[in-house]
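Colleague: Have a look at the structure that comes next, please.
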Amino acid sequence: MDNLEQKTIHEVQQELNTNIKTGLSNQTASELLIKNGKNELAKNKQTPAILIFLKSLIQPIQIVLFIAAIISVIAPLISSKHFEVKFDDFIDFIVIMGVILLDATLETVQQIKARKSVDALKSLSKPSAVVLRDSIVKEIDASELVVGDIVILEAGKYVPADLRLLESSDCMVEESILTGESVPVEKSSRPIKQTNILAEKKNICFMSTFVTSGRAIGVVIKTGINTEIGKISKTISDNEEQVTPLEKKMNRFSYLISILAIIISIFVFISFMISSNKSNWATYLMISITLAIGVIPESLSAIVSIALSFATKRMAKNNVIVKKLESIETLGSVNVICTDKTGTLTQNKMAIKKLIWNNEIFLTDEFINKTKSEQAKDLFLKSLVLPNDSITENDERIGDPTELALVDFAEQMQIDEQEFRKKYPRIFEIPFDSERKLMTTVNVLENEQQFVFTKGALDQILKKCTKIFINNKVVKLTNTHKKEIKKLSTSLSDDALRVLGFGVKQIKTQDQKTEDDLIFIGAVGMIDPIRKEALIAIQQAKAAGIKTIMITGDHAITALAIARDLDLAYTQYEVMSSEKLEQYTDQELESAIDNIKIFARVNPEHKVRIVQALQKKGYIVSMTGDGVNDAPSLAIADIGVAMGVSGTDVAKQAADVILTNDDLNTMMVGVLEGRNVYQKIRRAIVLLLGFNFANVISIVTISLLLKISPLTATNILFINLVVDSCLAFGIGMSPIDRTLLKNKPQLRNKSILNEIIWPLFKVGLSLSVAQIISFIIGMSATNLDYYNNLSSYTKAQNWFLFIQQNNQILLSNIEDMHDFVVFGRTSIFITSIISPILFTHLIKLTNWKDTKKIDWTISKPLIYSCIIALLISIIVFSIPVFNSKVFGLAGINDTKTYINWSSKNMWILFSSLACALIPFTFILITDAIEFYSYHLSNRTWEKRQKLIKQIIDQEQKGKLREDKKNQG
């Protein structure tokens, strides 16, 4: 069934084994449907939920945790004399496995939610088709079409499959989704010469293109994935899913943390085995496991998923549907937006921009407001509406974009096109013909006068005109007039306007030659106008450090004219045509691409090549579009953005993000959300890793001195998962920071740890110092009973002895230190809970260059999360057996001890609270010093620059005076 466009209708009928008069029989159609399948496009293969869950379980961090969980059970079992199994030995295992499963479950749920949002968008009305079967015309679901079906096309309908036309009556089809051309193509049933260019196949209607005017009958030659749109759809569905920059960064981060956890654990275990009693290897192994758990931020993946999920919900409310959660951060990192012109930057409809009237050029507003109402103007307005085949159904206009533009302008002039057509009926017409390039109607006006109205290509109109309206008077059309009109027309064409001329005359009978001796009345210049929201989006993108590139299948002149209106490009040197693009090697294209703002007359393969060249240069590329021709580049871009209303199913399938309102400005909402998500993830990492860094320092320091771990694996998991996670969730739910749109985008290969090393160090170092001090003071509580029984004088006298005694305990190697460890652990546990609650709101990752004052505000979600973390911690301390058996703490079980200010519990409580203030104070002071030192030095630098400028200005003024004196 190849080359059917070259064959006659009879040959087509024979090859397809169909009957153009009766159509296929229902039985034959059913058999073909079973044999060849439905007329549907290829669908993306969706990963089953169980595979998403299993994939989440094999992340590096989860594997390390799983190994730690297994060892936590095996080590006590092997070290026991009779392989006795106790419930206490399984506590760490149960908690760690619970963490692993919870993380995997959360990630799976979030991915499935994102998928359902897209599925809901796809469940729109199914397309239908009008077919001839068994000599009966009926409407069926388009998916049931088969090769050989006879299909009837009408204006306002989408083409349901690839058709070879059998009849065509002024059929115009808009094919921009395939070719990028915004102007409809006239279709014919005549055979054509062989060509591979889709736009030149005049007797073929392609699936998903739109009939703007006329009607046609065609036979189905291809369905489903065999259609032109289907081939592209299959290519997209076969592509492997790309890994986003966030996934790459998080994967690298996971590997780094996992390797670090293993190295530290092995190092500490070996150190113990070398320096201590080897028979206690099980204890040393448990300390090493505790360290591994202390290094790993167990809840980070869940926090990232939840932060992305909240962003997804906010974006959905703002008409942005995200198919993959990680795409949000990619959107925030974009530094180049490649966008299609038609339908994205422009409105995908024609509009009159300028007019030629009285041999002058008028802007539309000038014509409406400044020209007088007179006979010539009245006839001109009638010329817009009467020789026009556009129709209005249910308040929606259907027809050729050019004719719709004429009616739209008439409406601006307070003309009701339906009333006009009723009032001035059409009694004769000569339809538009591509060879004549004219359309003529005869209408009856007031007093039964018959007028001819002709519109068409300006050069053809001028050939038919012998007179012209000048200042409302009819005068002879001279060569001078023609030269002036052509000069004005050239001016409009230079602005990429499509020029349409109009001629009129009054006749007495229809027998007169209707298209001769016309009076030239004027012309209009029209273009597919820009979308105002696109202009705003480009300005916002520029302010956010994002470069915008227009990629279009339209002509270079048209593209440059649109780009000028959008403040995107101004000179021809910023434009590259497809011819020049094909001459360039990949290396030459990479070298030149930084200076190019427009690519014109490109095909889908060119778009892919452009995106790849930008990616090789290190850009993170977003591709926006709505047509089938955009799909390959949407799929290969770092982030593909499809239009939800005008976009084809293939484009939506290929994209990562869908704009449900077709507004490019909405994309900047996504960019803002993406940048905020990335910032929140980095803040969460500072919090989680800072605490883990402190854990490592305090555990290594104390365990090497005392051969014990100050915190158990369960303690660390509780603080990581409950306290720090609550705070990190508060960060994730905090309001968005709109000032981030003023910053430059992230670089492709920039590490997620960049620029947070110093905040990480501040948090980790200050908290570790607080933890060690808290542990020492907590251990001191064991001697309070003896100390409290002394007199005041003796207390003062023995204070230094008290401190010395505790130092000796720290430096000794005693075997039974249970009481010391429990009180020390309780103290460090309280400090580790309270301290993050105090300093979390200080972790702003502030860029002092963009900040005029320190932001002291705390978000409500963060306050609520602090309260929740504190309440959960209090509950843990209040449950008698739970706090001692599970967490190994000295629980506050006797409420009376609160009254006794000399009790061990109060000593631990207040000393640990005091220690918790150390990190808060340290971070507060260092932030203030950094802020004021930066701005102080910056003000000094600015003063110095002003002084230098004043000196230079004075020197220049002095030179000018000397020059004047010398000239004098």
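Positions of Cβ are set from backbone N, Cα and C atoms, glycine also.
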Colleague: Do you know which of 130-152, 636-658, 820-842 TrEMBL annotates as transmembrane segment?
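Modeller: Of 130-152, 636-658, 820-842, TrEMBL gives transmembrane segment for 820-842.
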Colleague: Using TrEMBL as the reference, determine which range in 517-536, 717-736 is annotated transmembrane segment.
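Modeller: Comparing 517-536, 717-736 with TrEMBL, transmembrane segment matches 717-736.
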Colleague: How many of the residues that make up the domain 'Cation-transporting P-type ATPase N-terminal' (3-77) does DSSP mark as helix, as strand and as coil?
Modeller: 49 helix, 1 strand, 25 coil
Colleague: Counting only residues 6 or more past its boundaries, what in the same chain has a CB within less than 8 Å of a CB in the transmembrane segment (253-275)?
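Modeller: Residues 59-61, 63-64, 281, 284-285, 287-289, 291-292, 295-297, 685, 689, 696, 700, 703-704, 707, 752-753 contact the transmembrane segment (253-275) from elsewhere in the chain.
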Colleague: Taking a Cβ cut-off under 8 Å, which residues six or more beyond the ends of the transmembrane segment (52-78) line up next to it in the same chain?
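Modeller: Here the qualifying positions are 84-86, 89-90, 92-93, 96-97, 99-100, 103-105, 107-108, 111-112, 251, 254-255, 257-258, 261-262, 282, 285-286, 289, 292-293, 296-298, 300-301, 713.
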Colleague: At a C-beta cut-off of under 8 Å, are there same-chain residues at least 6 beyond the transmembrane segment (90-106) that contact it? List them, or none.
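Modeller: 53, 56-57, 62, 65-66, 68-70, 72-73, 289, 293, 298-299, 301-302, 305-306, 712-714, 717, 721, 886.
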Colleague: Have the transmembrane segment (756-781) and the transmembrane segment (281-308) got at least three CB pairs under 8 Å, pairs 6 or more apart in sequence?
Modeller: no
Colleague: Report, as numbers and ranges, which residues of the same chain sit near the transmembrane segment (717-736): CB under 8 Å and 6 or more residues beyond its ends.
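Modeller: 92, 95-96, 99, 293, 297-300, 302-303, 306-307, 310, 314, 672-673, 676, 680, 683-684, 687-688, 691-692, 829, 832-833, 836-837, 840, 843, 859, 861-866, 868-869, 872-873, 876, 887.
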